[in-house]
Ligand code: SAM
């Protein structure tokens, strides 16, 4: 999979060289490129923002540098997907991560200030699929952290990135429920014991207990995930 990121803070993405994604980059499973939006400006001050039409606080990112950047990054055959992090987007979920992991080319447009001139996405939709995603119901300073979260969630689903694919199956949100609690050795620690059933060696009972735990935890923490 190829991933391009456009940002005014390329240094944010140094962490993509670390851990599983870093190894996936080195191994050629993820072809990741970070671009500085300012390299597509033409003025001496490398300006990327201007005041909003209609008034109001803050600045808006100008359309011209974005159009220049995206013209050179989006593929001409329409096969690219432009991912736009925004608190006004569709809530990002595991099902969306699964679907994005099937795409060949993802391009992330990281907004700053009050966001990017809305015409950029109308224009981009004529040459790519545009997906506006929100990380959650809160406001970050920029799209970089959100892009990073989406890249990590999608990247780990690309075949080969996580060594044991089975570890991806039994995770929170994969079957619509939160994961059961996990334990490792020692069986007794600071007066706290691992539940007996996990020491029983009885696979059926372990599976039933884990499912009960998933349902109970989901009901307690995220009742909105359960069917009515
Ligand atoms: N004025 C915008 C609004 O009210 O919707 C918020 C702008 S925010 C300060 C700057 C940028 O941070 C946004 O353009 C977006 O890229 C990113 N951002 C902020 N919160 C986000 C969230 N919850 N999910 C995804 N991206 C977010």
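Numbers here mean position along the shown chain, with the first residue as 1.
The backbone N, Cα and C atoms fix where each Cβ goes, glycine too.
Per TrEMBL, the candidate among 78, 111, 176, 191 that belongs to the S-adenosyl-L-methionine site alongside 135, 136, 137, 138, 139, 140 is 111. Checking the binding-site residues 111, 135, 137 for a CB within less than 6 Å of any atom of ligand 1 leaves 111, 135, listed in sequence order. The Cβ of residue 136 (S-adenosyl-L-methionine binding site) lies under 8 Å from the Cβ of 91, each of these being in the same chain and 6 or more residues away along the sequence. Within the same chain, residues at least six positions away from residue 135 (S-adenosyl-L-methionine binding site) with a Cβ under 8 Å of its Cβ are 85, 87, 92, 145, 146, 149, 150. Reduced to three states, the DSSP call for residue 139 (S-adenosyl-L-methionine binding site) is coil.
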